Amino acid sequence: MIPSHQLPLVGLLLFSLIPRQQCEICEISRENYTALNPLINTMINSKYSKGIQAANVLLSLRLGGILNQTQEQKLMRQIVRSVENKESSLTSGQLALSILALGACKRPDEMFKNYSDLVKQLENKFQEEIKNMEEHDDNPLTNYYQLSLDVLALCLFSGNYSISIVATKFNPENKNYYFHGQFSVDTGAMAVLALTCVMRDKTNSQNIMYKQDLEIIGGHIGSLIRKILSQKKEDGLIGNIYSTGEAMQALFVSSHYYKKSQWDCQKTRNKVLEEIPKGVFRMPTAAAQILPALLGKTYLDVNKDSPCVYKSGAFNLSTQEPTSGPPAVSHPQIQVNYSVVINTTYNIVVSVANGSVFLDVMEKAQKENATLFSFTAEESSWGPYITTVQGIKANSNERTYWALLSNGKPLSQGAGSYVVHAGENLEVRWSKY
């Protein structure tokens, strides 16, 4: 292992010497592409109520060269409508993700060219995030995952950002990498991708003022990689099943920061492939975040000047329209215990159809007692995100949010995707992170 105090200088040297291609990749073989069909069909056949929800999916499928031009055009139009008509309502990370998706590669017809305007808007939003951190105890308007997306998009699309601010704000010990004291693997992984882009972009610069900042950034990457690897599980997953895809991407682009013996890439890949048939990636965003790594791709492969590749024939894609609602079948009812915990605990037992999700329970409780169980939610790329309960609103400046728990344990799935079980104790708890 390279001593930690030498990592920044060694990192700069290695960045100037290693090829751009990632050093450690274990993508699925072409013969096993059929294993990916459930992921791909989930993404292609999902209906997106907002164009921004399609951004993660379009980015993933374009990196893999999976869509045909008609499918690609449909998703692009949804995203373009979102960024052009509703730009002011997008968070910085949502706008960054849209830029990455629209500019992942170059279509023959150059359907979208207006990158400079979107990049300028992102520059402004990124500055608003930094200003909020300066005024509110280092808390961004959104979170560090989105802040990392901002830097990644600005770096890849030649936007303006301060190298010194990146070096300062992305210190791995910053509280924004942690959630209830636990290191957030997907946040750390996205930061590694962003910082690696900055290193690649600026290492060969003649500006001597960048040298010290780049040494610091190199140290940050090494530290973040160690933290990511510390979350590696015995079965090969890193963090949890949903953070593993982006952790794989981060490790692909940073193999000179760790020994090969520290990560068995094939073991991680094989564990993910085992989980696909179990339906754990039934949310489009979950499928989109795991697919690039399985194909040996990372978000650093985004290149708006590189011709798009179309190889959908290699996959068995189903393009039938999804049903507009659940089948007309009678489901048996189950009872679950539901609680809202603020300073006091409010309990109710509700009956819902077998196969219902957490959100169904919340809606049923609200119907039975709107005073105690009222709530609001907003759409995110991961589905409904709970914003208020009993009128109490989550606040990023105060680092408060509504946590979802089952039998006292935090859930890794959202309210719209976690399937509840008979007799389960479900809880929405007012929490700080």
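From the backbone N, Cα and C atoms, a Cβ is placed for every residue, glycine too.
As annotated in TrEMBL, Cys26 shares a disulfide bond with Cys265, one of the listed residues Cys197, Cys265.
Among the disulfide-bonded residues listed here, namely Cys26, Cys105, Cys155, Cys265, Cys155 has its C-alpha nearest to that of Gln146 (cyanocob(III)alamin binding site).
Ranking the binding-site residues Thr142, Tyr144, Leu404 by Cα distance from Cys155 (disulfide bond) puts Tyr144 first.
Looking only at other Cβ atoms within 10 Å, the busiest spot among the binding-site residues Thr142, Gln146, Asn240 turns out to be Gln146. Neighbour density at the Cβ, taken as the number of other Cβ atoms within 10 Å, is lowest among the recorded positions Cys155, Cys308, Leu404 for Cys308.
Counted within 10 Å of its Cβ, the other Cβ atoms near Cys105 (disulfide bond) come to 19, all protein chains included.
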